[in-house]
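Just below is one structure, and these are the notes that go with it.
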Amino acid sequence: MAPPSRHCLLLISTLGVFALNCFTKGQKNSTLIFTRENTIRNCSCSADIRDCDYSLANLMCNCKTVLPLAVERTSYNGHLTIWFTDTSALGHLLNFTLVQDLKLSLCSTNTLPTEYLAICGLKRLRINMEAKHPFPEQSLLIHSGGDSDSREKPMWLHKGWQPCMYISFLDMALFNRDSALKSYSIENVTSIANNFPDFSYFRTFPMPSNKSYVVTFIY
């Protein structure tokens, strides 16, 4: 059999590059954020990265360093993974931020305080605490409402703030326990600041009292 001509090889090579580009464009990148030494690394990853493997993340993902005070409140419609060693930056990253699919991975053996995060629109939560407990990754479905659900329609709290009709309160002390992830929800909650006076961040993020909320506690 005669070897393929140079023209055929060039055509095959071109088709291969085209197919690779189409495959890459078809992939949806996920966001990975990790905190180290008072800095935050915000990464866009085309593939899953092994939890807490900082070197691999820097190698395989497109990452940039962000100073904590420069972090802007945003929303995440896709997958968001956060690696953390303590809770110092989590409130700034997550409180009243719209996150639909969240994974939190503890990358240290630190004992975490009883501190609540308030997350908007959370549909699925995954947690990994293997650095502290030999416990498999856990997953919890919060709610599965679609865009057609009237409660999902955006309600803007303030310029630059995120729509927040579903609110999940996440107790960070759950990472200290080797027990199953649990939650319960309360529907049709009005005057949310009055019903939960111990949550001081409602003074920073005032919630309209004429709206109805679905509140979920995760512990």
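Cβ atoms are placed via backbone N, Cα and C, with glycine included.
The shown structure was predicted, so the numbers you read here are calculated from the model rather than taken from an experiment.
ASN29 (N-linked glycosylation site) has a Cβ environment of 15 other Cβ atoms inside 10 Å. Residues annotated as N-linked glycosylation site in Swiss-Prot, with sequence analysis given as evidence: ASN29 (among others).
Among the features that Swiss-Prot reports, N-linked glycosylation site is placed at ASN42 (among others), with the record citing sequence analysis. Here the Cβ of ASN42 (N-linked glycosylation site) has 17 other Cβ atoms within 10 Å, regardless of which shown protein chain they belong to.
Positions annotated as N-linked glycosylation site by Swiss-Prot: ASN95 (among others). All protein chains considered, the CB of ASN95 (N-linked glycosylation site) has 16 other CB atoms within 10 Å.
Under the DSSP three-state reduction, ASN188 (N-linked glycosylation site) is assigned to strand. Annotation comment: Swiss-Prot describes ASN188 (among others) as N-linked glycosylation site, evidence class sequence analysis.
Counting every protein chain shown, 6 other Cβ atoms lie within 10 Å of the Cβ of ASN210 (N-linked glycosylation site). Here Swiss-Prot flags ASN210 (among others) as N-linked glycosylation site.
Taken from Swiss-Prot, the feature signal peptide covers 1-19, and the record attributes it to sequence analysis.
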Inter-residue C-alpha distance, ASN210 (N-linked glycosylation site) and ASN29 (N-linked glycosylation site) (nearest angstrom): 38
Integer Å distance between the CA atoms belonging to ASN95 (N-linked glycosylation site) and ASN188 (N-linked glycosylation site): 21
ASN95 (N-linked glycosylation site) and ASN29 (N-linked glycosylation site), distance between Cα atoms, whole Å: 23
